[in-house]
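Taking it in order: structure first as structure tokens, then the write-up.
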């Protein structure tokens, strides 16, 4: 049946209307188009994968590469050049996440108020410029200042990832995309490790005009700037503005997303959704889970090169020994991310991942043979699995744009707290074995297992309660009433487990 003239308006016009009147575009289109069959659904999903995911993956890779520069630099001369003594190096990682934590919540509101891809690209370019300028530092204080500023600029990126994935993919599709994004951290580690080793070899040949760690910052910074520019040009702020979709495809993408009963959200800030998030026990579970899994991450992300060197590997060999961890990370996270495509049991995956993490931590802490400890370091590449589960849960198990942004920011504060604490578990008085830090990894992973079980129990119980009540959205509700409903407000919403 042909549309009437009134119905046959363009998605572009509605996108503009949504932007001006703060209306939820997905709700406006919800009932305007036919049911999407499996073939069409696959086609739309594939097109999104081809046009949106690649640049998001590059952001993830370069972000990890940028954060890892301090780890590589720790054995490339930066501690000597900047006269670091005692526990001063610990504060390199802590200062980064201090800036990240303090500004994560206020800066994430920019994603709510302004175009998503434009804000994201601006911060990427800014952090790339700062990375490049880090080559100019000549004191410990100035280096700590740049790391703090870098943390501030990168605090926007993870909440942006959550929103990008939520506005382009359905709930059951989000876990793999989030896992694949984080898996690209592994490729970032491989690229950074390769560059570091190459610079180390050039240094041995006396072919460098400045310290290798300074050149490393220049290269990673310039790559990041270029990527930020491409984000600005290539990725649309929302599906209704996608230059790579036809008008009909834009309509269908929005219809496809609306089947989750979550819409694309309103750009209007809603205080009641923040209050609702504060009443949601999941937010606190996500927060403490982030702390538990981030403490080992914060420690090893900054000290793995030093610890590998202390196992007996020379500088160049220590840089190479970091690379298998990155390879395992990319392969394992990609494979683990595919499992929910068939079973949709992400909490089971989190528990399996944490069991492997616990094994990794135990090998690092208690194994005597060097090769067993090395195996523990390599298995650490699987450690982001619970982190992915948290991001995926926030993306798919919280509805309402303001609530989603707020819960993501609070979760990232927990992530920052853990990453701030992690480097501080490495005390110079315990060098070179750092046994206290290693034992803390084991304790944290045990705590994380109990929190994952609690999240699973909360979601299963609530789904059963809603199934028993068997309530539906009233047909008498106006479009205004249906806009930007939260998961608490929408009785048809079900939590993914």
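Each Cβ is built from the backbone N, Cα and C atoms, and glycine gets one as well.
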In Swiss-Prot, one of 49-69, 70-90, 91-111, 238-258 is tagged transmembrane segment. Which stretch would that be? 91-111
Could you check which of 179-199, 473-493 is flagged in Swiss-Prot as transmembrane segment? 179-199
Would the transmembrane segment (406-426) and the transmembrane segment (179-199) count as touching if the test is at least 3 Cβ pairs under 8 Å, pairs 6 or more apart? no
I need to check the long-range neighbours of the transmembrane segment (149-169): which residues 6 or more away from its ends have a CB within less than 8 Å of a CB in the stretch? 45, 48, 52, 56, 59-60, 63, 66-67, 95-104, 107-108, 110-111, 116, 119-120, 123-124, 126-127, 130-131, 134, 177-178, 181, 235, 238-239, 253, 257, 262, 264-265, 391, 394-396, 404-405, 408-409, 412, 415-416
Of the stretches 119-139, 319-339, 347-367, 439-459, which racks up the most C-beta pairs under 8 Å with the transmembrane segment (179-199)? 319-339
